[in-house]
C-alpha cells in the first residue's frame, strides 16, 4: 500500500512470504487475500469516509454490514471466512455506503472537554485487509509505537498492567465510524488517559522483537454478529488473559495503560521485565487508534525494518522520503515538517480547536499519508490524531507531559501541520471547496517550542509547492511549479490556518511579493508569490476562509454582521480591562505593603496579557472584515503599540518586530496553558453543549434524533438496568479521587436495531421539559448534572435568560401532581420526576422602613456572587423576626436594585451604606406564588436502583465564584456613620477578595467605573451570550432612558455624600490640627466649601426636575420624558458657569502630591490619615476623595450624551440636550485651560498676593475660579525703568473678580541665550517674569480715550487710582487689544467686576450674594431660558438675600407639580397643575409666562448661553433709552404710592433698578448706567401685587 509500516506488518505477521510485497501488491484499494483468517465484527452504525475534496454527512448513513447486506453480500460468517471479499468489486459495493465526516469549528471557544466519539474497527470483518492486520499484528504495531511497558492498576490488580503500541497508519483505516464506540471522551476520567507515542529510538529494537514474540500467545474471542460496541465496556477485556473484546487478538503487550502520565519522563529508559509483561491481559482495541505521526504513502519502503525504526524517531516523524534519501530529505531541510505534531503542539491544538460531542464533531488531522485511501481520490482525513491529542490534553500531570514532549531538538519541532477545522453540518460541503490554489515558495519562519517559547526555525530553506487552500487548511503538493495537480494527487503536507493572520512582508531583504502567515498555534511561515495581485489574492482568500470558519462556529450565516458584533464586544472588553489596569496602577502608587504590591503587579500583568489578546483578536477580526468587504487591512502599527514590555523584549530577542511575531507570541502564550486551565475547570455539561447544530438544539448534545419524536417504549424501554450497565465502565473514573479502584465488568452488548434506536448514546433516559410558552422538548440529564447545569443548558438552547427563570420538577404521587423546586446545586439526576418545567421568575418591589425602636432590624443577609463576569446579589438568609420577612423577602431571591441603584454597580461600601439607612427600597427577582391546588414537595422521591452519586457537582452556588457576604443586621446601623458600619462578614470576605484583586482595588474600580464608564455597556465584560443579548434587546428606549436618568441621580447623590464625607472626615479635623499650614490646606481643599454648597443645590434641582413626572417608572415612550429631559438639560445650562468653580479646585490639584508627601516624614500627619481610614481602604483615602470632583465634572457630558442618544433626533429635547452637552464640554475645556494657566502663572499670582502691603490685604486670593477673562494685550506706554524695547511688550492680562493682573514674561530667546552661554547659575536664578502688576477692583477705573478712532484701533485705558494712605501715585496703562472685538470683551469683563464692586457697596457685604435659584425648564426649545440671566458671569448681579430667599421659596412651589405638595398660599397655585393631555408648550407658557418673550425672535440661543451684557439689552428691547425715563417716573410714583393696588411688579422692580443705576453713575453718567443695568424682566420669579422691593 505504499506505507512502510504496513509492509512491515505483512512481514512480521505472515512471515517471509509477504516480506517482498511491493507497491503493486499493496495498492490503495482494499484488497483481501483468499486465505481464511480470523473474523472481525464490524461496528454497526454509520461509517465515516474521509475525503479531502468533499465532506458530506447523512443522518441515515448505513454501516458497512448494512451496505454489504443491501448489495447481496453476507456481512459476517460464523466460521470466520469471507470468501466473497476476494473480488475487487467489493470495494465498489462497500463504497456505496460510505459518507465522509463533517467538521465543526470550535476554535473560537476552545475546550479541553472534547467529546470525540471513536469507532471500534469499522472494517474488522475483513481479515486480509490492512485493517485486519492493524488488529492482528499487535506486536508489530506495538513495536514501533513505543516499546514501553507500564503498570496499570486502575481497574483491578491485573487489568492491563503493561502496554506498548506500535505506531501504524493504514490507508483504509481512515474509514471510521465516529460514534460507534458510543462513549464521550469528556465522560472518561481524562486524568489517566494518554499515550506513549512520545519518544522512540532505534536503540529499543529489541523491545520490538519481544513484542513480536508474544503475539501468538493471545486467544481470540468473537462477539456475535448482532452485537456492537455501544460503550467503553465493550472494549474492556475480561480478567481472563485469553479473552479479547470484539474478537480482537489478545496480546501480552496490548493492554491500554491509563496512567502512563506519571511514567512519561522515564519512558526513554524504562522497560518492564518480561515476566511482568506475560501476566498482562490484552486490550487490543487501542490499536485502532493510530499514531498521530504521519507518513508519506506516495512511496514505499524497500527496507521495512529501517522504515519503522527511523520514521518515528523523536517528536517529528520523518517521511519515508527522508529515510530513502530522495527529494523528501531536501524537504526536511526546508523547515516545513511533515504531517507530524509534538506533544506541545497537540496540547495547543486541543486548546485552540475544541470540539464538543455532536454527530459531526469527528476531528481529522490531515497528514502526508492521510490522502491514501481505498479509492485514491484525494487526501483522506483521519480522526486518529484527535484521540491522541485529547488523551494528552486530559492528563493531570501536564508538567511531566510537557517535559517529556519538549525534550527534543528544534529540528523535531513540528508546529507546521494542523487539522482542518470543524464545520457545521449545514456547511460541510464547503470544507473541500478549493478557495485558492497556485504555486508558492514556502519557508518555515517561527516555531512554537517548549515552555510557550517562540523561536526562529533553525532549518529554513525555500521550497516550491503547489498550494491549495481547502476550507481552513493549506495543502502542499509536490509539483514542477508550472502545472497544477490532478484529482489523484496526494498532499505532502498541510498547514492549519484557522484563526490565522496574514501580513505582507514588503521589507524582505531578498525577495519580492512575500507574505507571512501566523496561525493560532504560535507558528509562522513565509510564502512568496509571483506578483502583487497574487499576494493580495492569497491574503484575501485566507482571511475570508478564516472569517467563514468563525461564522460557522457561531452558527451564523451573516458573517459581516457577526464580525462587527465581535469587534464591538472586543472593544468593550478592551475598554474594561484598560480601566482595570489604570486603577491597578493608581492603587500601586499608594500601596506600601509588599504582598499587596505583588498581588497588584500580578493582576496588572494579567490585564496586560488580556489586553494583548483582545487587541490581537480585534486586529484579526478587522483583517477578516476588510477581506470580506474589499477594504484596506488595518494599520499594524496601532496593534504593535499595545505590546507590553515583556512582549517587546521577546520580539527583540527574536529580532522580528512584526504582527506575525506578535501573533505567534500571543498564541503560544494563550493557546497552551491559559486555555487548558480554563477549559479543564469547565463542567462536563457545559463543555458538551458548546458545538451543536441548530437542527439539534431542541435536543441534548449527546442525543441523536433519527426520526420523529420517540415513543415512550422506545425511549424508556431499556429501563434503568441498561443504564446502570452502560455506566459501569464509563463513569468509573469521573470521581475526583482518581485512585479509587472499581471492578470493570463487561456489560452485555445491546443488540443494534436501526429502526428503533432513536437515542444513540449510553442509554441515558431523556427527560421532557416544558418551556414558559408550554412548548415541550427533550433533554438528557446525566449523573452529576445539577439543577443549575440543566437550567443553563435549556435556557442557552432556547435563547432564554437563565437568571430570570428557575427550574421546577413535576412529580406524580398517588395520581396527584406535586411540584418541587430544587436548589441550584442539587443533583436532579437522582430524582424520579415526571417532567421538568422552566418557569419565569417575577419581579417585586419591596420597601422596608425601620422605626425608631432599636429592636427593628431588616433581618436578612446578602451574598454577592460573580457569575460569568456579572456580579449578582442574592438573599442569603432571612430571619423570621425581621422586617424583611414580614415584607415577603425570601432566601434565594436575587436583588436587582437597592434604592433605585443597579445591584451590579454596587461595591461593598455602597451596600454597607444602603443597609445602614433607615429605609430600604428593593427590587427583587423571586419565585412566583404557587397556583391554587398545587402542593410543594419537601422531600421528593429518589432513584433506588440507579448508580451511586459519582461526586459533587463542579459548580457550587456560593463557593465557586469570588464574592462577599454582607449582613444588614448591625445593631446600631442607623446611628453609626456609614464608614463605620462594616460588619465582620464584610471584613472576612474582603480578605478573600484580596487574594485575587484586593478589596481596595475592587472597591476603587467599581466606584471609578461608575464615574468613568462612557456608555451604557452591558454589565458583563465577557462575550455576551445569546440569552444576555436577548435580554438587552428587551429593554426599550424608554427603559434605557429611565435607567440613565436614575444613574444620573444616584451617582449625584453618592457624589454629594462623598463631598460631605471629605469635609467631615478630613477638612474640618485638619483645620483644628497644626501639622498643615493654611496655604497647604488651601492647596488640598481649595474652594471645597463652595463646591459642596453648589452641588447640594444642583442635586436638588435634578431631583425636582425628575419629580415633574410623578409616574416616571410607568412611562413607556421616550416622548413622555419631555418635561424631565428639558428640566435636566436646563439644569446644566443654567448652572454651566457655576461649574467653573471646579477650575480652581482642579488647578490646585496638581500640587496635592507635594503636600501629601509630607505624610512620609511627618508622623503626626501620617497617624491622622491612618486614623481617618482605619480599614486602610483605598476608596477611603484622602487622595481618593480628592480625585472625585475631577472625575465627576468629566462624567456629566457622558451622562448627557447617553440621554441625547436615546431621544428622537427630530425632537426638541434632542436639540436641548445637544446644547447642554456642548455647554458642559465648554466647561470642561475651560477647566483645562484654567489648569494650564495656573501651571504657568500660578506662582506669579501667589507672589502678587504675598507682596501686598498694609494691615488688610485688598485681594485675598486670585483663584482660578474667579478668573473671568485672560487675553494678550500690547503695552503702549511701558516705563523706561524696564529698559529699552525694540517693540512694545506684550502683556498677559487677567481679569479676576477681585483684581486685574498684568504680567510680562520674557520669550524663549533669552532662555536660549543664557543656556547657550553656559551661565547655568544665572539661569537658575533668572526670573522670566520681568513685570507683574495687580490692580485691585477697589482701585480700578476704565477711562474713555479722547481719540475718535480709539475704538477702531482697539485701544483702551486702565487706571490704577492713587492712594494717599499708601502713598501710591496714579498709574495709567494704555493697552491695545488684538482686535476691536477683543477690546470689547476685555472692557466688558472689567465693567462686570466694577458693577460687582458697586453692588457690594450697596449691599454693604463683603461676600458675593447667593446665586439665583433654579427654575425648571420645558416646552419650546430654550424658551424658558430667554428671560433668564446667563448665570455665573453675572452672579454678582443677584438681588439681596431677603429677595433671593423669597424667590427661592416661590420657585420651589413652582416646579412642584403635585398639588398636595404645593402650599395653599402659593400665589400661582392654579398654574401648578400640568395639563393632562401632555401639552407641554402650553403648560410651560403658563408656568413661565413666556408670552412677553414670544416676539423676540431675533434672540439667538448662543446669546442666551453667552456672557454678553448686550444680551440683556436685547431682552429689554431696542427702546431702552426711550423707555428709561418712563420707568424712572414709574419708580418715583411707586415710592410715593406704595400701598396702591394698581401698582404692578414691573414698576416696583424699577425702583430697585433706579438705585442700581444711581450707584452705577459713579464712573459715568446716566447713559453709561443704562448700559450696565443687566436685570432682566422675569415676571415668573415673583407674583404681581405681592413683591416688596424694599431692601
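One-based numbering along the chain as shown.
Yeah, the Cβs are placed from backbone N, Cα and C, and that goes for glycine too.
Features as listed in Swiss-Prot:
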| type | residues | note |
| --- | --- | --- |
| REGION | 1-78 | region 'Disordered' |
| COMPBIAS | 7-19 | compositional bias 'Basic and acidic residues' |
| COMPBIAS | 20-49 | compositional bias 'Basic residues' |
| COMPBIAS | 53-67 | compositional bias 'Low complexity' |
| MOD_RES | 231 | phosphoserine |
| REGION | 298-379 | region 'Disordered' |
| COMPBIAS | 300-313 | compositional bias 'Polar residues' |
| COMPBIAS | 340-361 | compositional bias 'Polar residues' |
| MOD_RES | 356 | phosphoserine |
| MOD_RES | 358 | phosphoserine |
| COMPBIAS | 367-377 | compositional bias 'Low complexity' |
| REGION | 393-422 | region 'Disordered' |
| COMPBIAS | 412-422 | compositional bias 'Polar residues' |
| DOMAIN | 434-549 | domain 'PH 1' |
| MOD_RES | 695 | phosphoserine |
| DOMAIN | 765-832 | domain 'RBD' |
| MOD_RES | 829 | phosphotyrosine |
| DOMAIN | 845-908 | domain 'PDZ' |
| REGION | 939-1034 | region 'Disordered' |
| COMPBIAS | 958-975 | compositional bias 'Polar residues' |
| COMPBIAS | 977-990 | compositional bias 'Acidic residues' |
| COMPBIAS | 1014-1024 | compositional bias 'Low complexity' |
| COMPBIAS | 1025-1034 | compositional bias 'Polar residues' |
| DOMAIN | 1261-1397 | domain 'PH 2' |
| MOD_RES | 1323 | phosphotyrosine |
| CROSSLNK | 1404 | ubiquitin cross-link |
| CROSSLNK | 1420 | ubiquitin cross-link |
| REGION | 1456-1482 | region 'Disordered' |
| MOD_RES | 1519 | phosphoserine |
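Across the range of the domain 'PH 1' (434-549), the DSSP-based residue counts are 18 helix, 49 strand, 49 coil.
With a 10 A radius on its CB, residue 829 (phosphotyrosine) counts 23 other CB atoms from all the protein chains. For the domain 'PH 2' (1261-1397), the model's pLDDT averages out at 77. Secondary structure counts, DSSP: the domain 'RBD' (765-832) has 14 helix, 27 strand, 27 coil.
Assigned with DSSP, the residues of the domain 'PDZ' (845-908) fall into helix, strand and coil as follows: 8 helix, 29 strand, 27 coil.
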